[in-house]
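Here's the structure, in structure tokens; my notes come after.
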Amino acid sequence: MTDAARLLDGPRGPKPTRRLSRRNIILYGTLSVMALYYALPLYVMVVTSLKGMPEIRMGNIFAPPVEITFEPWVKAWSEACTGINCDGLSRGFWNSVQILVPSVILSIAVASVNGYALSKWRFPGSEVFFTILMIGVFIPYQVMIYPIVILLRELGLYGSLWGLVLVHTIFGMPLLTLLFRNYFTSVPDELFKAARVDGAGFWGIYFRIMLPMALPILVVAMILQVTGIWNDFLFGVIYTKPEIYPMTVQLNNIVNSVQGVKEYNVNMAATLLTGLVPLTIYFISGKLFVRGIAAGAVKG
Amino acid sequence: MHSVSIRSLDLHFGAVKVLQNLDLDIHDGEFLVLLGSSGCGKSTLLNCIAGLLDVTDGQIFIKDRNVTWMEPSERGIGMVFQSYALYPQMTVEGNLSFGLKNARMPRAEIDERVARAARILQIEPLLKRKPGALSGGQRQRVAIGRALVRDVDVFLFDEPLSNLDAKLRADLRVEIKRLHQKLSNTMIYVTHDQVEAMTLADRIAIMKGGQIMQLATPAEIYNRPGNKYVADFIGSPSMNFLEGDLSDGHFTTGGENLDITGYPFEGPATGAATLGVRPEHVATGHDLQGLPIQAEVAVELVEPMGSDTLVWTTFAGQSFRFRMDGQAEVRERDTIRIGIDPAKASFFDKASELRL
């Protein structure tokens, strides 16, 4: 208490805060409403997918299921009919995986080498190549659909899985190259010079120095490509055949099939199943994603 | 024998001529410092020697081999960078051995060389650590080690101490000097810090605008600067310059007629000239005896720095500074008698700025 004698009257210590200030009410209120608005469709989908058809016909889409049933999920995965096949979304899922894996690997591999070469091995005309690639980012891809059909036909890849892989790799390249180029530009030049003095060549520096440093941006590129390619509908429907349609196209075919009753619960389950892959990716790598975006953004 | 020889080197970036017709011979085992303000081309020259920049014209020889078109790793050079440039994902050991692995050296020899370099630089306890876990001084030691393990003929240092704080810089400066004594390799060292240059160098090459202004020993550069730029650049505080005219043993400046008997002229001793006097070469008190140039000046400003005191005054109508003992009792508005020894001064031609 000796201390108190030296203090004057008036405020002392931390400034008191009011929990229920006007500012807080408005802030949390607005955010809650927005979050609710955004989450509601997901809630309806999940709830509907767990109901039986009789319950759905009662009409209250917001009501939680009285009797939880997983039958719509099973049906959506392995029994729903698209055209002549009645093996559900499972076929589309595996098709999508077969398209996704090589497309992601190939596009990232090509784009990272591009970005590395454009940022660290400035050769005559490198700016021109970069500009051409950048124009690619801004061209609406609709205008290229038909030329690519012809190109793939001439290559003998039209309607095949590898044709679609090629298309995804090409269309992913401009943006990914930009991403990697900016990231590698932020890697100090002296590091690159030191590696050259140490006798490492183009590929030695790429694999031993640059790539191990590029983990954050690799994760960003992977997320962009996995979600982009998985969610792709247009290229899938145009450049492949019904037997190898990706999951998104198949989902559309299930939901839009006109025969019989509309099975809303099966449709909802099928939609959720299709969205599961990007969702999982976000959950696993969300933190890394933000870090990578920031890493690329700070020194762009 | 010359360790590094540069023959009429040109380097242009587009229209900008960074290096112009540059010639330089560096002796075997010599410690050469390239000194200059930023943008003078000193780092560019070092990068050319390293092979990290393609030259526009001219030739570079290392140990009498023409290396002009060779890759950096083939030239027998090791380089230490300002930002350390350690590979962040590798341990210290990995950093040291990276160059050797690229050269496909047998494992046993790599281990031996890494151990030897670690012993010389006293970084043995750090071998398993990543660069992120090292202090600035330790990082710079590892960077030197990376050049050391490769057993190179020539060490290139690109402002290696600029990122360190003042105390550490002084320590590492001494360590680099010791290392040079121990290894007796040729070392080329780029810096803008004249203290580093003076303390480390066997010879200093002072650069400006892509050309070498003077190449000489530190003592020669300090005592007999080849031109006005070098005279002004070296020395802190920098040299006093008095403008005037030379004629038969006298220098007329600002109304004063100074007797300059004893100055060893190499050029013509007549015409418009600049007299350069280092602040520390101005005598006071007992040292005045026998000096031909003496004057009474008024003290305008005193800057005590502990070890010595800098006094600002006006001499011959021009601003003039001189250095006194740190314990000297001197105050503003005092009058003090100063003297100049012409033998320690420098004369420069007014037009060409070259030493007379």
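Easy rule for this one: first residue shown is 1, then count along the chain.
Backbone N, Cα and C atoms are what each Cβ position is placed from, and that goes for glycine too.
Features as listed in TrEMBL:
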type	residues	note
DOMAIN	A:93-285	domain 'ABC transmembrane type-1'
TRANSMEM	A:25-46	transmembrane segment
TRANSMEM	A:99-117	transmembrane segment
TRANSMEM	A:129-149	transmembrane segment
TRANSMEM	A:161-184	transmembrane segment
TRANSMEM	A:205-230	transmembrane segment
TRANSMEM	A:266-284	transmembrane segment
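Residues of the same chain lying 6 or more positions beyond the ends of the transmembrane segment (A:266-284) and with a Cβ under 8 Å from any Cβ of it are 45-46, 48-49, 72-73, 75-77, 80, 88-89, 92-93, 96, 222-223, 226-227, 230-231, 247-248, 251, 254-255.
For the transmembrane segment (A:99-117), the most Cβ-contacting stretch among A:129-149, A:161-184, A:205-230 is A:161-184 (pairs under 8 Å). Sequence-distant neighbours of the transmembrane segment (A:205-230) (same chain, 6+ residues past either end, Cβ-Cβ under 8 Å): 96, 99-100, 103-104, 107-108, 111-113, 116, 120, 168, 172, 175-176, 179-180, 183-184, 187, 191-192, 195-196, 246-248, 277-278, 281-282, 285, 288-289, 291-293, 295-296.
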